[in-house]
Amino acid sequence: MADLLGSILSSMEKPPSLGDQETRRKAREQAARLKKLQEQEKQQKVEFRKRMEKEVSDFIQDSGQIKKKFHPMNKIERSILHDVVEVAGLTSFSFGEDDECRYVMIFKKEFAPSDEELDSYRRGEEWDPQKAEEKRKLKELAQRQEEEAAQQGPVVVSPASDYKDKYSHLIGKGAAKDAAHMLQANKTYGCVPVANKRDTRSIEEAMNEIRAKKRLRQSGEELPPTS
C-alpha cells in the first residue's frame, strides 16, 4: 500500500516554483494585450469601413459630383475603400509614388476617366478638360491633313505664267516654236571613216619610208658637185 501511494505521489506534477509562476503570469498578460490590440484593430477597420460607406453614399447622391479625391491612406485603408467602391458600383484608382502619399480617387460609372486623364493624375498633374479637348482637336486636324496629303500624292509645282506670253512682245508668239528643233544622236559618233584619216600607213611602212628618205639624203650629200 505504501509503495502504491508513493508511486502515485511521484507521478504527480510538482507545484511550480516562484520563478515559473512569474513567467506564466507575464505570458498570460502578453497574450491578453495582444488579443485586445487585435480586437481594437478589428473595431477600427469596422468603423473605417462604415465611414467610407457613408462618404461613398453621399457622393452617389450628390448629382453635382462626378469624382472624389480622398486623403492619403495606408495600404489596408485603400483596400477597404476599393472594396466599398466596388460594392457600390463605382470606379476607383490609386495614385501617388510613395506608399505614404498614395490616395484614392473614385468616379461615377457614367463619368469614367479617359486614358489621358489617368495619365495626367499619374504624373501628379491636375486634369484640365478644356486644354485636353484643344489638344485632341489639334491632333485630329494634323492627322487629317496627313491623310489628305497622302491621298493627293506628290505636289506638282506649276509656274504662275507662261514665259512665251510674258515675252511675246519681244520674241513673238511663234519664235519659240520656230526655234525649237529635234536633236538626233549622230549614229557615227566615235567612228571616224578611213578616208578621213591623215595617214593610213602602218608603223612598219612609215619607218621604211623614213629610212629610205634618210639614205637618199645621205647619198645626195656624198656626190661631188657638178661643174
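Backbone N, Cα and C atoms are what each Cβ position is placed from, and that goes for glycine too.
According to TrEMBL, the protein carries these features:
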- 21-49: compositional bias 'Basic and acidic residues' (COMPBIAS)
- 119-147: compositional bias 'Basic and acidic residues' (COMPBIAS)
- 46-109: domain 'R3H' (DOMAIN)
- 1-49: region 'Disordered' (REGION)
- 118-160: region 'Disordered' (REGION)
DSSP assigns the residues of the compositional bias 'Basic and acidic residues' (21-49) as 29 helix, 0 strand, 0 coil
Near the compositional bias 'Basic and acidic residues' (21-49) in space but 6 or more residues beyond its ends, with Cβ under 8 Å, are 76-77, 80, 84
Looking only at the domain 'R3H' (46-109), mean pLDDT returns 93
